[in-house]
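So the structure is just underneath, and the comments pick up after that.
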Amino acid sequence: MAEPLMTIQNLQTHFVTDKGAVPAVDGIDLHIRKGEIVGIVGESGCGKSVTSLSIMGLLPKPAGTIAGGHIYFKGEDLAVTRERRMQALRGNEISMIFQEPMTSLNPLMTIGEQISESLRIHRRMSRKEAWRESIAMLDKVGICRAESIVREYPHQLSGGMRQRVMIAIALCCEPELLIADEPTTALDVTIQAQILDLMKKLNEETGTAILMITHDLGVVAETCHRVVVMYAGKVVEEGSVKDIFYKPRHPYTRGLIRSIPKMDSDGGRLYSIPGSVPLPGTITEGCRFAPRCEHAYERCRTEIPELQGEEPGHRSRCWL
Amino acid sequence: MAQTAAKVQTVIQPPVFTNPWSEGWRSFRSNKMAMAGLFMILLFIGAAIAAPYITTFDYKEQDLMGRLQAPGAEHWFGTDDLGRDIFTRIMYGARISLWVGFSSVMGSILIGTLLGIAAGYYGRWVDMLISRGFDILLAFPGILLAIAIVAALGPSLQNALLAIAVVNVPVFGRLVRAKVLSLKNEEYVTAARALGMRNGRIIMHHILPNCLGPVIVQGTLSIATAIIEAAALGFLGLGAQPPEPEWGKMLSDSRQFIATAPWTVIFPGLSIMLTVLGFNLMGDGLRDVLDPKMKN
């Protein structure tokens, strides 16, 4: 197995509110190897996005802070890295693309200027070189007429095109890790498939590892090598895509998989996990999923299980 | 038949996209009121620039034999109580009013934007300090504060200009601060941070340009109020000093002749009104273009 590119150990990210610190991410462990695509799945509010912002050092200040744990990226602990160093890493070695392609581009700058900006900062390219490279990047992410698109403004492009531009910007400095925070949620299904194909293709060509944050298991099945399932700030199960889809162990993962609509279903009511995600910090004892779990018993409510598993690489946090 | 078919066929032209500025100009051009405002402003700017070529009189040349002449072929707008040609004085007066309007607002924009960005972007104690400063300035009625500043510094056009600039700083400061607060949460600003850009670059490339729309609108409208304030200070004898042909000063100097020689007050008053109206109309037009949400 290849050396991990990034290892997260017991990461705790807290948000300070009027009622004290709320743990949005509560001790997660995660690793991603070079060239790997890892998916983080979970419902809204389970800490997926906070995890990615913690890695990037982009937590909203002053409310969000990393209260504990380590984020080792190529041997460097990002949890304690200073802002200046983070600025050199961001966009250069770790990039991020966002959910909303409609608002992620500056409306007053041309596409070319926005791609060039990153190249000029990190690669110290001249204006001309950066411009040429921008056109090449647009070509690479499958935008035809790249020559004329560089001169256009974001409002002249469709959502799918803009997301391609975002990917071009994120990948122009050949980062080793790309964090994609729900990259296809705002796009329609056909465009979604194209964008995912593009990301997979670029992953194979450039070897950029991708951390795919999503609530859509379909996206995971289509693109990822490994999956981490999060619930209420904790990792509840991790394993290969095959493990998760064919042999899910944690009741939460099973619930998620059961709630995917199937082609051969008889048109009855779609399954949904009863209840909703608890507010961060409200469950302090036992397994966090216990109140919604149909198999929960006494021990689940008092003791929190460890992440464990018999097979290598497939672990889950459940007493059963 | 062939003829009707040809008639039905319409030529559909693809929309020509250019940059946001020329698109804005197109939409501004179709706004009749705004264009009227622009025309008025250009008229006064033209008069201010071309004054020496249009008139042969000197704005401070007195003709005590020809005092208070009614408008006529020689003196289009008549003469004042010292026999000076009012038309000439209006044109040279446009230089003063436009200069005060533009430069004081430029000053307010420069300082207000700087402070507004600092307050909005850095927040916390910086914001606290700057915002409370604005609150203090806004606690005084504008013209009263201006009078106080001029009274402290001594009456002159420069000091009047400075006073008006100071009074308008919090207007721009608060506007920019509010805009920065909303821009800071825009995804493209987060995206810029995720690309490793430093604060300075984010402010210059991503925050400042996106603040400019409302600032330009407010700036245009503020020129109008600055011109009124300058005229008011002139009227009170705190602005331009004689023999400078400042419109407000002209009004106050001739107000005793309002019954006998109304042209001495009508033309300066009309000039103030038209320039202010011009800037207000243009400002409203710019708002429709640059801030579509405010429409209606």
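Keep in mind that glycine also has a Cβ here, set from the backbone N, Cα and C atoms.
Note: TrEMBL annotation is automatic and uncurated.
Positions annotated as transmembrane segment by TrEMBL: B:34-55 (among others).
The domain 'ABC transmembrane type-1' annotation in TrEMBL covers B:94-283.
Marked as transmembrane segment by TrEMBL: B:96-122 (among others).
Residues 115, 160, 162-164, 166-170, 173-174, 225, 229, 232-233, 236, 238-239 of the same chain lie 6 or more positions beyond the ends of the transmembrane segment (B:134-154) yet place their CB under 8 Å from a CB of it. Annotation source TrEMBL lists transmembrane segment at B:134-154 (among others).
The transmembrane segment annotation in TrEMBL covers B:160-176 (among others). Long-range neighbours of the transmembrane segment (B:160-176) within the same chain, counting only residues 6 or more positions beyond its ends whose Cβ lies under 8 Å from a Cβ of the stretch, are 100, 103-105, 107-109, 111-113, 115-117, 119-120, 130-131, 133-135, 137-138, 142-143, 145-147, 149-150, 153, 211, 214-215, 218-219, 222, 225-226, 229-230, 233-234, 238-240.
According to TrEMBL, the transmembrane segment annotation covers B:207-237 (among others).
Only residues 6 or more beyond the boundaries of the transmembrane segment (B:257-279), in the same chain, are considered here, and those with a CB under 8 A from a CB of the stretch are 36-41, 43-44, 68, 70-71, 77-78, 80-81, 86-87, 90, 93-94, 97-98, 101, 220-221, 223-225, 227-228, 231, 247-248, 250-251. If you look up TrEMBL, you'll see B:257-279 (among others) marked as transmembrane segment.
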